[in-house]
Every structure is written in structure tokens, then in C-alpha cells.
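For 24-42, 35-59, 63-74, 75-80, the entry in Swiss-Prot reads disulfide bond. Annotation source Swiss-Prot lists signal peptide at 1-21.
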């Protein structure tokens with residue numbers, strides 16, 4: 001009975017991912033990446049000339065301000081970019 005209880009506790013910890021980490025999409029290769037500590041936002045960067053295709057994706061700590069040439073879209077859930 002103790003073994004079963006211990007097994008359930010371990011499975012619960014693994015499933016809950018107590019040290020929650022954010023996963024963001026990358027552009028190259030097209031896959032998700034686990035963000036390092038402190039980088040708690042995902043972002044997409046677009047050139048203002050073509051807002052349909054992102055030119056860069058990844059993890060970031062603070063969402064940059066848009067400029068005349070570049071637009072950033074930031075979010076804070078897994079693979080939201």
C-alpha cells in the first residue's frame with residue numbers, strides 16, 4: 001500500500017510539472033523550446049512591410065517596443081507565438 005501511495009505521489013509531481021517552465025515556438029527549426037529562467041514571455045517579430053510572416057520567434061523577458069520597421073507580438077502561454 002505504501003508503494004502504491006509513493007508511486008501516485010511521484011506520478012502527480014511529474015504530471016503537475018511543479019517547476020513550471022514556459023515553452024515557446026522557434027522559427028528555425030520549427031519546434032518548441034523550453035524557456036530559461038527569467039524569460040517568461042513568448043514573442044513573434046514581424047517586419048512592418050509584411051505582417052503576415054514572422055521573421056523571428058522565441059523566449060524573452062520583456063516585450064520590446066514596436067518601431068517603424070519592426071512589430072513585436074508577445075504572449076505568456078505555452079506555444080502561443
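For all residues, glycine too, the Cβ spot is worked out from N, Cα and C.
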10 Å Cβ neighbour count around residue 59 (disulfide bond)? 21
About how far apart, in whole Å, are the alpha carbons (Cα) of residue 59 (disulfide bond) and residue 80 (disulfide bond)? 11
Which site among 35, 63, 75 has the most other CB atoms no more than 10 Å from its CB, taking these as disulfide-bonded residues? 35
Residue 42 (disulfide bond) sits from residue 63 (disulfide bond) (Cα to Cα, rounded, in Å) at a distance of 9
Just the number: how many Å between the Cα atoms of residue 75 (disulfide bond) and residue 24 (disulfide bond)? 9
Quick tally, other C-beta within 10 angstroms, 24, 42, 74, 80; top of the disulfide-bonded residues is 42
Separation of alpha carbons, residue 35 (disulfide bond) and residue 24 (disulfide bond) (Å): 7
Could you state the CA-to-CA distance between residue 74 (disulfide bond) and residue 80 (disulfide bond) to the nearest Å? 9
